[in-house]
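Visitor: For reference, TrEMBL lists these features for the protein:
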TRANSMEM  178-197  transmembrane segment
TRANSMEM  204-224  transmembrane segment
TRANSMEM  271-292  transmembrane segment
TRANSMEM  312-330  transmembrane segment
TRANSMEM  360-384  transmembrane segment
TRANSMEM  525-542  transmembrane segment
DOMAIN    547-676  domain 'SSD'
TRANSMEM  575-595  transmembrane segment
TRANSMEM  654-676  transmembrane segment
Amino acid sequence: MNRSEKMARFIVKKRIPILILAVLLLIPSVLGYVSTFVNYDILSYLPADVESMIGQKYLEDDFSMGSTTMLVVEGMNTHQVSQLKEKIAAIDGVKSALWADDIFDDGFPQEMMPKDVQQLFYSDKGSTMMVISFEESTAANRTVKAIRQIKSTAGKQCFLGGMAAIVEDTQTLVGQEMPLYVLVAVVLSIVVLGLGLRSWLAPVVLMLGIAFPIVYNFGTNVFLGQISYITQALAAVLQLAVTMDFSIFLLHRFSEEEAHCASKEEAMAKAITATMSSITGSSLTTIAGFLALCTMRLTLGRDIGLVMAKGVLLGVICTVVILPSLIMAFDKPLQRWQHRAIIVEPKHLPSFVLKHYKGILVAFVALFIPFAVAQAKAPVYYALDQTLPQDLTSIIGTNKLKDDFNMTSTHFLILDDSLPAYQYQQIGDEIQALDGIDLVLSYDKYVGGGIPAEVVPDSVKQIIQNGGKKMMMVNSTYRAASDEENAQIDQINTILKKYDKNAVVAGEGALTKDLIEVADVDFKSVNITSVLAILLIVGICFKSFSLPVLLVLAIEFAISLNMGLPYFTGTQLPFVAGIVIGTIQLGATVDYAILMTTRFREERRAGRTVHDSVYTAVQKCAPSIITSGLTFFAANIGVVCISRMDLIKSLCTLLARGAVISMFSILLVLPAILLVCDKLICKTTKGFLRPAAGSVPRPHPVNEPQH
């Protein structure tokens, strides 16, 4: 009796204590989940060494401006606005609220103020604006609470705009929708599983089994410090879909062993042993695919990668430790509530593959090349406000800033305060002359000119000069992430570096520009790393040089079709799609590929011809692949139907479509490749036609009696 068999017997023997312990572990997991900080600011995941993040650090440390938002006020007189400003400044988390009365008294005539000051604080549409800065970062809980209190204090005639307000709205929206994502994904997955399994209760038991690793995964995220809202919104759905195969395998294998064993305990022990042996390779490749995201400089990748890799690992552990206890506990109801499976072994698909394999391969080559090229050219957007419903108050406020004050984005320029005053004036003049610049505000532009230095309060001076640095504020008419804004930031940087080599540009526009540049490099590195990891692990598992390449070709074909299609339809994708979807689809599809290839190898080892082996592999693997693929599709398409966030909707659309494309790729393209390359595989794979000494045959679950 080997180690895995001893472990399996121990699990079966101690199944009741294990189940009790599993339930008890849910308590600290739930506590860990509610204690985990969720970060809603994607820009904060940029590397600390890029200039925009260095500038952001200056804003936080030297100017105590962790984040900034603008408040547009309508229908209030000067005295009312001044009173509102004082109330806002007193809110916990607010560093300062800057308005015209900080420079001039309430009674000072607006028309006598310098033109640029009027332009900043007053619009020709009768509204006025104040600049609110917060002590902590955009996504900090204290900042979010402060924004909610500002909204409550200001009332309906005031509109908050900018990233801080957008992040608060995002948090509220995700909090409302995320429970619905999980609920819809679970319900639709149960429906699909009900079609592929032969017991009405089996899908519910599997979902209960998967609930444990999902809760454990969310609970242990507390040790990571924080997770992104994208990870939080998608992790449960993805973990459910990616680890479902393991649970189905155990259920099917237990069903088969029951017919040959004297007791249910012995049958489950053998099922656990077979499951551990069978899912090791596919789970390792899936985990490797997710860990490839950790190579990204944009630490959002590490966030998603670690959470998902941990989720798959927990899914494997729970499948062989907790799920057996659940299946045995519900064995009698499982037997009682049986029905005829709707997803069955296809009669004509294997014959179709054998008859048309040449045409399939021609189509494979003909589609692969143009879609691989299209994948690299698919339109992508980086403007995060585009991902949200346009009726949110933060989006309305941001649009009002643009319409009333011609303020589409704001740059914060951080310079050394030792420069002569005339140089600050020159910098301001040169930047003002650039296309798309609406307004340049700096201390030296007005002091000694339109505004006497002695009338400027110390509180205002500290906002714009502190810690050996001076800050200039530049309002741009260009949208963050646009080509025009990125070129404008380059021009501003060129001007700044002439006077101060250490000067930096901060703000949403600069952060987004760096995001574009970092993400572009990350996309290439993640793809290369994930493919190399899959090649290595599959090569080790099969002891083959050729099989890893052939499997990755079929998988990359599916990914290229999925990610290249938006180019032909003109659909814009969120920037994270190219980085995240390819890795997730790679990790999920490799399970199907290993399943199919393993079955093909077993048939060849049994002495069957290559044609018969392909026929049987397709016939026996199809129900499992179709059930798993449709479950993945259903879980994601449900989220697409209910989500109001374009980012989540786009990612889940790609995942749903990718599941279907991957399903067809493994059922059609991979068998054709195996058929044509059989001789190559046999020559480049150690022991491909003979079982390794002492190995246990690995029948695939789909040809076993099903619950």
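Using the three backbone atoms N, Cα and C, a Cβ is placed for every residue, glycine included.
TrEMBL entries are annotated by machine, without manual review.
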Visitor: What stretch of 178-197, 271-292, 312-330, 360-384, 525-542 shows the most Cβ pairs under 8 Å to the transmembrane segment (204-224)?
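Guide: Top-ranked stretch among 178-197, 271-292, 312-330, 360-384, 525-542: 312-330.
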Visitor: When DSSP states are grouped into helix, strand and coil, how many residues of the domain 'SSD' (547-676) land in each?
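Guide: Split into helix, strand and coil, the domain 'SSD' (547-676) gives 118 helix, 2 strand, 10 coil.
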Visitor: Verify whether three or more Cβ pairs under 8 angstroms connect the transmembrane segment (312-330) with the transmembrane segment (525-542), leaving out any pair fewer than 6 apart in sequence.
Guide: no
Visitor: Please compute the mean pLDDT of the model over the domain 'SSD' (547-676).
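Guide: Its mean pLDDT is 91.
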Visitor: Kindly say whether the transmembrane segment (312-330) and the transmembrane segment (360-384) touch, using the definition of 3 or more Cβ pairs under 8 Å where each pair is 6 or more positions apart.
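Guide: Taking Cβ pairs at least 6 residues apart, the transmembrane segment (360-384) and the transmembrane segment (312-330) are not in contact, as fewer than 3 fall under 8 Å.
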